[in-house]
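Over in Swiss-Prot, the protein carries these features:
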type    : residues               : note
BINDING : S113, L114, L115, P116 : (6S)-5,6,7,8-tetrahydrofolate binding site
Amino acid sequence: MSDSLRIIFAGTPDFAARHLDVLLSSGHEVVGVFTQPDRPAGRGNKLTPSPVKVLAEQHSIPVFQPKSLRPAENQAMVEALDADVMVVVAYGLILPQPVLSMPRLGCINVHGSLLPLWRGAAPIQRALWAGDSETGVTIMQMDVGLDTGAMLHKIACPILPQDTSATLYDKLAALGPRGLLETLERLADSSAVAEAQNDAFATYAEKLSKEEARLNWLLSAEQLERCIRAFNPWPVSYFIVDEQPVKVWKAEVIAKSHGSQPGTILQADKQGIQVAAADGILNIQELQPAGKKVMSAQDLLNSRREWFVPGNTLN
């Protein structure tokens with residue numbers, strides 16, 4: 001391997017922890033870790049450390065949890081670590097220009113899309129919902145813009161018809177660390193080549209909201225099915241019946257015309273609950289009523305058949 005680099009790692013969720021884990025077993029030295037402050041989580045709202053913090057503490061690496069990197073005293077924490085490079089993966093805080101300039105080789109970011117497509121907070125989900133045929137990981141040199149920096153490495157990954165955000169997340173979490181190590185090798189031996197992004201092709205992946213997860217029957221069955229896969233595992237698509245939300249975990253498209261109003265239940269049996277969409281039919285196969293476990297359409301029909309009488313409308 002090339003010369004060992006002194007690395008600051010900045011990240012928060014499991015996706016980031018998987019990258020840190022690979023760095024810890026590489027020949028590089030992780031001199032410090034920045035992660036979001038502990039947050040309330042679980043039923044008891046107990047303060048819970050991020051997956052990145054847990055991993056760093058297991059390896060006795062100094063952990064820093066500032067609420068912002070704008071104050072000079074917090075920027076001084078970064079400077080004092082005297083790093084060659086800062087690796088940022090789903091950190092959740094903005095890095096101001098002084099921080100970007102502190103490491104000798106700057107700051108690099110692992111982003112879950114093929115930039116300039118899907119800059120922003122939810123690239124995996126937005127690529128799925130849009131019906132893209134592929135996604136991937138881009139490693140870029142960070143600048144002050146939102147995912148606008150020059151690209152150092154790209155790895156593509158096909159999006160399969162059955163992929164959900166959960167399965168794509170796992171695929172990219174496996175691809176990203178490999179690309180990160182290759183990029184660090186090139187930075188260490190000065191062979192890295194940075195390619196500017198073409199802003200004309202940029203798209204933006206806005207953060208997901210629970211409101212968006214409500215199924216809109218005025219969309220086509222294909223769009224609804226993609227929405228269900230994109231919002232799995234969070235926030236999970238849903239509809240309202242009998243004034244209660246019912247989450248939808250799995251569905252399929254039936255490419256068949258119908259003369260019914262969108263949202264109308266056409267059929268309900270062990271094969272699924274067929275609902276009219278603006279174009280085509282959505283056959284719902286796995287559901288979850290409020291406070292219950294995920295179940296098959298047949299199991300829900302056994303207890304709540306009155307919810308799904310053909311001719312009734314879902315909201």
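Every residue, even glycine, has its Cβ placed from backbone N, Cα and C.
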Neighbouring C-beta atoms (10 Å sphere around the C-beta of L115 ((6S)-5,6,7,8-tetrahydrofolate binding site)): 27
Number of Cβ atoms other than its own within 10 Å, given for S113 ((6S)-5,6,7,8-tetrahydrofolate binding site): 24
Extra residues within 8 Å (Cβ to Cβ centroid of S113, L114, L115, P116), (6S)-5,6,7,8-tetrahydrofolate: H111, L117, W118, R119, P123, G136, T138, D147, M151, K154, Q197
Other C-beta atoms that fall within 10 angstroms of the C-beta of L114 ((6S)-5,6,7,8-tetrahydrofolate binding site): 21
Number of other Cβ atoms within 10 Å of the Cβ of P116 ((6S)-5,6,7,8-tetrahydrofolate binding site) across all protein chains: 20
